[in-house]
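Peer 1: One structure coming up, written as structure tokens, with questions to follow.
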Amino acid sequence: MPLMVLLLSQRTGGVAQLLSVHGLDTHRRNNLVLLDEDTAASCIAGQLVLLSLSTGARRYLPGRDGGGVGAVAVHPSRTLLAVGEKARPGPASAGPAVYIYSYPGLEVVKVLRGGTERAYSALAFDGERGDTLASVGHFPDFLLTLWDWRQEAIVLRAKAFSQDVYGVAFSPYFEGQLTTSGQGHIRFWRMASTFTGLKLQGAIGKFGNVELSDVAAFVELPDGKVLSSTETGELLLWDGGLIKVVLTRPGSRPCHDGPIEALLLDRPAGRVLSAGADGRVRMWDFGAVNDAEPREDSHSLELSPLDEVVVAEGAALSALLADSGGRRWVVADKAGNVYTVALPPAGPVGKGAVVTRVASHPAGAVAGLQLSARTHTALVASADGCLRALDYVSGAVLAEAATPQRITAFTPLPAASPACPGGAMTAATGYRDGVVRLHARCAEGLALVGVAKAHKGAVAALAVSADGGRLVSAGEDGSVFFFDLTAQPQPGTGVPGMPACGLLAPRAFIKLPSGSGTVTCGVWEAAEGGGVLLGTNRGTILSVPLPPPDLNTHHSYEWAAGTSAVSSYQLVVPKPKRPKKKKGKNDGEEGDKEGGEQDEGQGGEDKGGEQADGEGGSKEGGEEGRAAEEEEEEEADDEADGGAGGPSSTTGELISLTLAPNEPGALLVTAGGVGHAARKAWRVRMGEPLAAPLLEGFASAPVTCLAHAGPEGRLALLGSGDGLVRLQALEEPFGSAAPGALPLWEAPLHDMQSGRVSGLGLSHDGAYLVTAAADGALHLLALALPPELAPPPTTQPGDEPLPGPAALPLRPPDVLAAAAYTLEEEKQQAERDQQVREAEEKKLSVRQRLGLIRAEFEALLAENEAAPEALRLPRADLEVDPGLRALMEAEALRREEVARLELAWESERQRLGLAKLRRYFLDGLESERVVLHSLRGSSTVTTFRVAKLSDETRAELAAMRQAARAAAAASAAAGGEGGAGGRDTDARGKGSDTGGGPGGDAAARARLAEATAALEEGTASGKLNKADLRRLARKRREAEWAAFNGTRPDDTYDSPADLAAIEEARRTIGDFKLKSDPNYVVPEEERLTPQRKRLAMLELEEALHDIAAAFNAKFFALRDVKRKVLADVRVKLAALAELAAAAGAATGGADPDATAAAYLAPFSGLPSGLLPEEEPAEAREAVTDADLAAFAARKAEDERKAAAAAAGGLGGFAGAAAGPKKPAAGGAAPAGGALAGGAAGSGSVAHGAGGPSAGGQQGLTAAEEALAKMMAAVPQSELEKGLAAYNRRRVEHMRSKLSEEITAMLDAFDDAHSALKAEKLGLEADVKAGQMRLLVGLQELQLLREFDKRESVLLAKRQAKLDDKQEIVDKIAECTDKLETKRLELEGLVARRAAVVAELDAVVPESDPFREALVRVFHRRIKRSKKKAGGGGGEDDYDSEEDEEDEDMGDDEVDDDDDGGEEVCPPGCDQSVYERVCDLREKRLDEEDMIAEFTKTIEVLRKEKEALAKKQRLVEQGLAAVNADMAEFQKEKQGRLNQVEVIVALRMHQIEYLLDGCLPDDLSACLVFSASQLRRLQARVDELEEEKAGLRAAHKELRRQHAALLRDKADKEARVAELEARAHDVQMLKFGQVIDLELLDRVSSSRGTEELREDLKKQELAYARELAEWDAKINARMDELVVLTRENTACLNAVSELTAAQRRLESGLTATRKGLFADPVQQRRAEVEERDALVALVNAQAAELDRLKGQLLALRRKDTSMYA
């Protein structure tokens, strides 16, 4: 009963059913988990395999997303199972999902989507509860995602790394922490709370000096440390993201011989388990690992394992699991074996453990597959180097042959081949080391029947001839080797040392021409004696001829002539014909189907067929987008290739070459890469230029496997590079499929990433389909083929022939060494070995002759010595060659000259080497480390090891300082100019704000000027009465009030000075802004840039250098002092020694030596001079006598050894020559002794100070001694005793004085030494802090350089806005100046017009009876000639309409329009007065024309200023936006800078952060604050208090002034009220009512008011009648418009109906037109005419509508001008 059925489409369901999946992917890391005590789970291809550990039975859980299964994880409760899958890319793909299954029910509980783009590579549940699931994606995103899987929600996500991640695990001890590891990295994660929320923060482990390694396994220890594996076999202990210690075995051996693939912590047993590629599981003491500390001289620690269990010798272990009780392990190796290790209850684990192999499965990528023609047996070649015989129905491994090298090529041998013993299954395999092997299946397994190393590199392809008699092997080194396959091993080649190759008989090899590429596949030509056709990775087919049978290969297998005989054929395929897209839906879909495949292929990837498809929208949108893309690609391809359908050569690799059985000379070819050639299988005829398409391939990946089955090859089996398998029925044998035929069956059986199909085959009875791929899986499917496609019954029923040992040829010696010679190298080496053997034999014979001659000569010498002295021959007569001595002396001289030259060369070499070392180690140093000892005690102080500041650093520092100074100067200059400009702008702005606009303050000031001028003129002329003067005075007062009120600011006005003061106070408040505040924005002057940071770093580096250099100067000065002190002390000690001698002489019987020792004892420990470590440079250059003596001894020893060797080499012939040389060696001794004595003598100079005294004591003569004894016997007199006592006291005084002086000198030096040491300690701390600050600065500099580009863009934007603003401000200022000038001029003009009016009042007083008529004449507007500055002709007249439009006087006087009548002097009026009024009118009109012109100019300037102000507001808004972006950017930059960790050393008294009176364990929330800043803030508080007190006093004074002003205001208001009351009382008393003075003025000044009222009434009646007439006309036109609108609507409806009818008629005509004659030209012409008529009708109606609308608008206007 099949476990599952794969139905690829509903049409073809039931064709194939999956029965089993053989293989185990043990090469994938972390791919084995325990579900329960008896079940393990592993992923392979698209299945999750459930393996029973007790029976070896397998169950399968199929994948759901079609791309394979990527990872698996088990819930801590073992009731749930998480499976992360892979999804094939495409528009319909929703991406891979993580499915949560229940166990053991295997039902889907939850589905997690959106965690990665293509595939999952690792999964893990957290802790004991398992509430959180961690998933890691594969290429291209590598996303680490944390899931709340119960809610199917993503909690956090981050990119794990940029390379493959092998595993992920939560910390079992610390919540919120997890670890990932993979290719070249390990990363430690924690869920951290930041100011933007919860985030995943990952710290990458830094390998430092340890070699970078892939981390396949890791385990976390309880204290947070992590133990990880390496590729080299060591264990790394991580602590805080750094390697704490590297663990090795004793002897610096790695923990395992090979990579460590699994780690396990057995906490109850207190041990750590590790499994490696050496087949062993080693146990390590947990305590020793956890507490491991590195040695002082190394970063490693040697540990001995507690025990080890040998699982399997030579097995590369890949997984290690332990059951819940910890008493059984489950182990897997890379060969596909699964073991259980039962641990003993007590005693040593290594001895008591029982290892049981549970199951053996094929593992590793499958390189080839061969199915038996008789039984259900297959030969499977795995890439791990193992060839297996497999019963694919039961899954049992029948036999296997393993080699240490990978299998890179595979081909089966036909049963008729001579190399198949007894017709048994035989296959040829090629390996990575260039070896070709033949294996035949026999009764005992797989027998090796042939082996030969043909190539230096890997074997790329193998091909066997149709008759099975020849084999060709192509290697990656560009060589092609031909073998003959024989039934029996061939005899040797006759060359000794050549190995036997079994059934492989080497024939010859050729080298391919350069540029041919690497061979990927091959096939033999069908013709008898034909050569080989080889496909390459460059898309070419090479025709290689067969070497001739008579080729001489005695000296070499190479056939040099064959290289030039190789011919090449380029695979050229026709370009696909892309059909043009039609608008119809069905046609569009077909076009998408046909052309879309090509487009998808162009975007695909070679490996795995992966595609980077974007997320599409709806189906229709996707189709439209693809159609547009296809059209664009078609156009581009047509332009590039000259049109679709042209030839196209492929540059991808050729994957397979097969002879077409039904057509001699034709090849079936499949190609890789991308493009059209990889989409199909092709039929290639070598004589034709183009290949013909044979079968449609796959849209996502190239065809990698092509086979035929069924009767006459009518069934094609295809496999793709991304794991798809297809069965295709063919229309003809070995031909193509029927047009439009769909696949018989197709399924994604293998992994989409690593599942390149490498083998397909039907069983001999057609009941099964077997597939193999690079993912290591072998799928067995039951087939239910149609009868016409089922293969015929087998003609060879029965069991597989298995020959016994007797029927097999002798096993040839296998080639296992990686450095073994190839066949060609073996042949060449064999000849060289033969020549070496002959030379050695010849040398041995010569040595034997020499030995006989030497023995004969020694016998003659002995006989001569035994003869009587008289009969003895002199030794000279026994010299064999008398000229030998002269030859030897000449040879000695020659060798001496050679030695001299060699010595000179060696001396120069040593000098250059020393100079190079000096240049490398010392030239860059300004001062090296020097130690200075104190004179008393063991205190030492050292210098700073200071490197010179490089010239580049100094130049960069100088340039940056110069740039900083230039920038500061430019900024100061810009600030000065900006301040002046700002003040000017503020002043102008203030004037503009308080002055109002032209219609406000300007008009008020103009009225004030007019009123003032009129009043002054009237007063001066004396012609006005008092009423007129009072009226003019009131107008002036009103104008003054208006002007005053115009200058009053509104309630929203803010003084610029106040705003500037507030901003200055806010800026200089003196508070301390915390940079950790998320809203903190760094001030402009404090913002860091890469240049500022680099300058600060350089200045800090220079300061550190200067500090160290200054200290070193003090140090060397103190060293000079020590040298001088020691010199002075030596002098004083010599004086003390003389005093000791004098004291001994004074005391008489005292021992002088004892006295000197007593005197010098306090200073016995003083050095005689500076020590070598105190003068390293001088000591390095100095060569002492001891060094010379040691060198002489070494040289003598070398000469002795050389002489001994020379004497031994010459044998007995050197006896006479060696004798006279012996005394010379002995004669060298006196010279050496003299040198030593000289050295000793020179060494005694230091103690020469005491020499004279001792010499005096030892140099007494006998008489002096007798005299001394005699004097000693004579008793001393009192004088002598007194003199002796005086001498003793004098000596003691001098001794104490000298001792005190020496002690004072020593103490002074030691005090200076102590002070210098204390200073060094402080400076060293400062220097280290500065160096740490440099490191922090470097990190900040890197961040600043990352942000610099964005900041530059923002600064450029802001500067552009500032420039625009400044330009606008300048324009506004210029415009304001112009306005002010125009206003002043306007006021003058208004005053001049007022003077004209006042002159009129003087000419025509109020009492004049003709005043009203003359005033009307004065104010009348007349047509005047336009005055032009240049004179000349032209149109001088203009209409008074322009005056009416351009002027608006706004006066209260009557403004009569010219009625067109003739103007005459009023009857009875004086003609001179009339003419004078006309002249004044002309003056008034001139002034009003100028006023109108100035008013127009002022209005233009005002509008221009308003436009500029509006533009300024827009620019300021843009500047504010840029400043906001800059502030956000600065916040982001400061946030990143805040993340840089800074080390601050604090003492306990500096920590003032207590919780409940105790220091908390976590200080992450505390704030580190500078004491200087704290003091500054405290001082600033005092300053602010003082400022507040001053401001309060100023405020109090202002309030007092304000109160005084209020009192003055109240007094003035009371005075005004008093005056108003008095005026009211006076008016009531005189007139009985309050007089309205303005009304009185108007009444008194307008005598014709009643007349004007009558005229006004008449005009109103006339205008009312005219208005009524126009309203009637408008109503009539409106009715007409409604009628026309309805008619137009009816026409439009008719047009719409006619258009619909036309379309229906066209559809009917189109449907019934097939077969009828129709003239398309006439139809087209009729359609055009009808459409033109409709367009003309619509245009006419639109024109009529526009005309009616225009009439309506004209009728609606009430201000229609008579001049219009």
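Every residue gets a Cβ built from N, Cα and C, even glycine.
Sharing the features that Swiss-Prot gives for it:
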type     : residues  : note
REPEAT   : 160-199   : repeat 'WD 2'
REPEAT   : 255-294   : repeat 'WD 4'
REPEAT   : 361-400   : repeat 'WD 5'
REPEAT   : 454-493   : repeat 'WD 6'
COMPBIAS : 585-596   : compositional bias 'Basic and acidic residues'
COMPBIAS : 604-628   : compositional bias 'Basic and acidic residues'
REPEAT   : 649-692   : repeat 'WD 8'
REPEAT   : 753-791   : repeat 'WD 10'
COILED   : 821-850   : coiled coil
COILED   : 1479-1517 : coiled coil
COILED   : 1567-1674 : coiled coil
COILED   : 1729-1758 : coiled coil
Peer 1: Within the repeat 'WD 6' (454-493), what mean pLDDT does the predicted structure show?
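Peer 2: Mean pLDDT across the repeat 'WD 6' (454-493) comes out at 90.
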Peer 1: Hey, which bits of the same chain come close to the repeat 'WD 4' (255-294), Cβ under 8 Å, at least six residues off its ends?
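Peer 2: Distant contacts of the repeat 'WD 4' (255-294): 29, 214, 216-223, 225, 227-235, 237, 244-249, 300-301, 303, 305-322, 326, 329, 331, 333, 341, 349.
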Peer 1: DSSP helix, strand and coil counts for the repeat 'WD 10' (753-791)?
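Peer 2: The repeat 'WD 10' (753-791) comes out at 0 helix, 18 strand, 21 coil.
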Peer 1: Per DSSP, what is the residue count of the repeat 'WD 6' (454-493) in each of helix, strand and coil?
Peer 2: 0 helix, 19 strand, 21 coil
Peer 1: Going by DSSP, how much of the repeat 'WD 8' (649-692) is helix, how much is strand and how much is coil, in residues?
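Peer 2: Result for the repeat 'WD 8' (649-692), in helix, strand, coil order: 4 helix, 20 strand, 20 coil.
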Peer 1: Just to be sure I understand, if DSSP states are collapsed into helix, strand and coil, how many residues of the repeat 'WD 2' (160-199) fall in each?
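Peer 2: Residue counts in helix, strand and coil order: 0 helix, 25 strand, 15 coil.
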Peer 1: Count the residues of the repeat 'WD 4' (255-294) that DSSP assigns to helix (H, G, I), to strand (E, B) and to coil, and report the three numbers in that order.
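Peer 2: Summed by class, the stretch gives 5 helix, 19 strand, 16 coil.
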